[in-house]
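Enquirer: The structure under discussion is supplied below as structure tokens; questions concerning it will follow.
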Amino acid sequence: MVMANLMTVFLVMEVILTGFRFGAYGLNMNYYLMSCPLMEPVVKDTLNKALQDDPTLAAGLVRMHFHDCFIEGCDGSILINSTKDNTAEKDSPANLSLRGYEVIDEIKKKLEKQCPGVVSCADILAMAARDAVFFAGGPVYDIPKGRKDGTRSKIQDTINLPSPTFNASELIRMFEQHGFSAQEMVALSGAHTLGVARCSSFKNRLTQVDTSTTLDSEFAKTLAKTCSFGDNAEHPFDATRNNFDNLYYKSLVTNNGLLTSDQTLYTNPKTRNIVNSYALNQALFFLDFQQAMVKMSMLNVKQGSMSEVRQNCHKIN
Ligand code: HEM
């Protein structure tokens, strides 16, 4: 009896402590514990069903979360539709190939039925990215919740997304502006273990004398063949596009990186050793990746009057 009581006290303390661990950001692990207790299973089940039908959506959701967080913070601004007075982030050329909006909509629809006006679109996207990584075989990690949805989404802000032609120094500088070290930037780039890029994103490597990166000659021929089908023809980042593993880094070591911004991580001495360490040790990559993703998921989270819980992820209330 005494033991059982003690266990209960420990359990309650753990819940409270975990809950307040990220209190400084207004976020916590158990944010919806009382207001929407079945939220987690709804997110997981809906996502798993969608990914069973189309495993390639895992890549789309992880990328969408990144593009959300790097512009105006993780506030679901990427989900907002353009109106006649405003062209939104999602219509920027850098975002036109984002995929997975319908999964977020389905989760939101179910949650609005269960607990109307409670779970933010920004939280849904952050959780969907987390669960997509796990679905694809990557690390399991949790994120604090309680992000609010932003009320600004402007195409011009997307100028702050990294370009696929950036070299390592430019990438380091841009990620530093968001508080990430070079190592964290290289770990986050490992998300390119999932998914594809279109020829328009890598054709610079075939047409220009690209002195910043090296490109395997056989791989160059394969890429040229892909591009013969046009700018929208897709090529996977590595040989296992739906598996979250460290093959991306192994490809960089053999000069089979797809984008300039991928291969530069190996070409540049500042980041080469980090690439080598992830290519050799997948567990290390998983550990650094999950920590960097938690950090990214908390970028510039919104509180106060300039934020809300959107009823429809595509529209400001
Ligand atoms: C380091 C700077 C980065 C650059 C320059 C970059 C650029 C790109 C580009 C150009 C594409 C292909 C777009 C297309 O051709 O349609 C892409 C795809 C992708 N990016 Fe990044 N990215 C970067 C970092 C990240 C990060 C930090 C993440 C997530 C944490 C991420 C996740 C993805 C994923 C998963 C895809 C595949 C999407 C799909 O198949 O639909 N990227 N990225």
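The backbone N, Cα and C atoms fix where each Cβ goes, glycine too.
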Enquirer: Pick out which of Cys115, Cys121, Cys199 TrEMBL lists as the disulfide partner of Cys313.
Expert: Cys121
Enquirer: Per TrEMBL, what member of Thr158, Thr165, Thr193 joins Asp238, Thr240, Asp245 in binding Ca(2+) 2 at one site?
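Expert: The candidate from Thr158, Thr165, Thr193 that TrEMBL ties to Ca(2+) 2 along with Asp238, Thr240, Asp245 is Thr193.
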Enquirer: Rounded to the nearest angstrom, how far is the Cα of Pro162 (substrate binding site) from the Cα of Cys74 (disulfide bond)?
Expert: 16
Enquirer: In whole Å, how far is Arg63 (site 'Transition state stabilizer') from Asp75 (Ca(2+) 1 binding site) when you measure between their Cα atoms?
Expert: 15
Enquirer: Those recorded positions, Arg63, Glu89, Asp245: which ones have a Cβ sitting under 6 Å from ligand 1?
Expert: Arg63
Enquirer: Please give me the CB contact count at 10 A for Cys69 (disulfide bond), counting all chains in the structure.
Expert: 27
Enquirer: Residues near the Ca(2+) 2 site, Thr193, Asp238, Thr240, Asp245 excluded, by Cβ within 8 Å of the Cβ center?
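Expert: The surrounding set, listed in chain order, is Leu194, Phe237, Ala239, Arg241, Asn243, Phe244, Asn246, Leu247, Tyr248.
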Enquirer: Among the recorded positions listed here (Arg63, His67, Glu89, Pro162), which has the Cα closest to the Cα of Thr240 (Ca(2+) 2 binding site)?
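Expert: Checking each of Arg63, His67, Glu89, Pro162 against Thr240 (Ca(2+) 2 binding site), the shortest Cα distance is to Arg63.
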Enquirer: Which residues, in sequence order, are found in the same chain with Cβ within 8 Å of the centroid defined by the Cβ atoms of Asp68, Gly73, Asp75, Ser77, Glu89 at the Ca(2+) 1 site, excluding those residues themselves?
Expert: Cys69, Ile71, Glu72, Cys74, Gly76, Ile78, Ala122, Gly150, Ser153
